[in-house]
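Colleague: The structure follows.
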């Protein structure tokens with residue numbers, strides 16, 4: 001049975017479902033597999049789909065949307081919220097609008113609901129394609145260019161004015177970089193999509209974004225299980241296991257419910273039909289204040305440092321520089 005997912009009102013005036021279906025999957029499934037998974041996700045109630053140029057999943061997402069309309073699973077495009085992201089090699093002022101148009105072409109859509117800057121990083125256009133990131137991969141220093149916060153955002157604003165996307169935002173931005181962006185913005189970011197879970201709670205960043213009217217979306221809400229950088233720190237959490245047992249819920253449901261209780265939304269990934277459904281069963285109940293206090297005590301650690309952008313001769317010679325000291 002299809003479930004109704006609540007929506008949050010963004011500062012752009014548009015509403016976004018608070019759970020999205022993520023497509024940053026490694027290893028990359030066969031296109032038909034992903035199309036089938038997205039169709040099932042639509043059947044059980046997902047209405048927000050998150051992709052990116054770097055994920056190489058835009059075409060299957062678009063095919064699934066087209067097929068869903070043909071099958072009558074949705075009445076029209078407007079029932080869905082589609083997010084994609086600007087890759088770093090396209091983060092040049094004159095390349096951003098063409099990059100978004102290419103994304104729309106791959107998706108077979110006239111507009112996005114949300115377009116995000118994937119990282120506050122600019123690469124040379126000819127930089128190596130990020131097909132399969134591995135732990136020791138690094139971009140060469142000559143591939144990493146100074147990031148133009150002002151010019152990049154001005155082009156994102158133009159994407160919005162042209163009607164190519166309804167909302168614009170950022171991803172993996174810390175407080176310093178958001179502050180710098182806001183000095184120049186005429187349209188503020190609607191969303192900051194960041195690593196966030198019970199083991200990396202991002203309290204400082206969330207409070208900052210809230211004051212600025214920017215909604216926070218959590219990627220890796222279950223700590224990236226299956227990714228080379230991922231961890232079982234959430235799923236194997238003793239604290240979450242105890243809370244889950246007491247409430248008759250799964251650990252994953254408790255972890256996702258905690259994110260909702262913080263006023264954030266999340267992007268979940270699963271090709272498993274049962275888990276797809278379970279990940280939507282987090283509404284109609286809440287964690288207690290005592291549960292929240294216990295979760296606050298969980299040891300904190302960033303799981304995905306994005307070392308691929310760190311080079312002593314690059315704009316980000318250290319992780320501290322990339323993440324605004326928030327490690």
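Backbone N, Cα and C atoms are what each Cβ position is placed from, and that goes for glycine too.
The structure displayed is predicted, hence computed values, not measured ones.
The following feature annotations were taken from Swiss-Prot:
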ACT_SITE  55  active site, proton donor
BINDING   118  substrate binding site
BINDING   220-279  NADP(+) binding site
Colleague: To the nearest whole angstrom, what is the C-alpha distance linking residue 236 (NADP(+) binding site) and the residue listed as 'active site, proton donor'?
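Modeller: With the alpha carbons as reference points, the distance is 28 Å.
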Colleague: Identify which of the binding-site residues 244, 252, 268, 276 has its Cβ surrounded by the largest number of other Cβ atoms within 10 Å, counting every protein chain shown.
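Modeller: Of the binding-site residues 244, 252, 268, 276, the most buried by Cβ count within 10 Å is 268.
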Colleague: Could you give the Cα-Cα distance between residue 276 (NADP(+) binding site) and residue 55 (active site, proton donor), in whole Å?
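Modeller: Residue 55 (active site, proton donor) has its Cα 20 Å from the Cα of residue 276 (NADP(+) binding site).
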Colleague: What is the total of other Cβ atoms whose distance to the Cβ of residue 220 (NADP(+) binding site) is within 10 Å?
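Modeller: Its Cβ shell of radius 10 Å holds 26 other Cβ atoms.
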Colleague: Within 10 Å of the Cβ of residue 260 (NADP(+) binding site), how many other Cβ atoms can you find? Include all protein chains, please.
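Modeller: So the Cβ neighbour count for residue 260 (NADP(+) binding site) comes to 20.
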Colleague: What three-state class does DSSP give residue 228 (NADP(+) binding site)?
Modeller: coil
Colleague: Inside 10 Å of the Cβ of residue 118 (substrate binding site), count up the other Cβ atoms and send me the figure.
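Modeller: Within a 10 Å radius of the Cβ of residue 118 (substrate binding site) lie 21 other Cβ atoms.
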Colleague: Quick one: what's DSSP say for residue 118 (substrate binding site), helix, strand or coil?
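Modeller: The three-state answer is coil.
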